[in-house]
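First the structure, in the form of structure tokens, and then the observations on it.
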Amino acid sequence: PTGSGVVGLSMAGSSALILAAYHPDQFVYSGSLSALLDPSQGMGPSLIGLAMGDAGGYKASDMWGPKDDPAWARNDPMLQVGKLVANNTRIWVYCGNGKPSDLGGDNLPAKFLEGFVRTSNMKFQAAYNAAGGHNAVWN
């Protein structure tokens, strides 16, 4: 199939961008909702480990190996932003601000992670624009 779109929430949001970066003929559109868009950098591996542990005792190293494994960089949208720009992939990136709402309640880990994720989304937007990107919507 060609010309499809892929959208993901949280960890699947960064995966949606990665799928579009590496398979531009199949995915011409990609959407990311509240995803950490620089997972291999800084606190990324630790925060992913925290979230995965909180979600059921999973380990981040079971996903892409130890944090210095090349798989982390390969699956990092920030490091693949040039591919998205070169492919002219249409992207939509959304992220909340970490403030509690009726939907999310007052969940402290969620508020912390959403605030951290928002910072990564803003860095991704800056990198995308600096790379010459012009086919994105940011919310």
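In case you wondered, yes, glycine gets a Cβ from its N, Cα and C as well.
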Query: Taking Ser10, Ser61 as the options, which does Swiss-Prot list with Asp38, Phe116, Val117, Arg118, Thr119, Lys123 at the substrate site?
result: Ser10
Query: Taking DSSP three-state, what's Ser10 (active site, nucleophile) in: helix, strand or coil?
result: coil
- request: Rounding to the nearest whole angstrom, report the longest C-alpha distance spanning Ser10, Asp38, Phe116, Val117, Arg118, Thr119, Lys123, listed for substrate.
  value: 17
Task: Compute the C-alpha separation of Thr119 (substrate binding site) from Ser10 (active site, nucleophile), stating it in Å without decimals.
output: 14
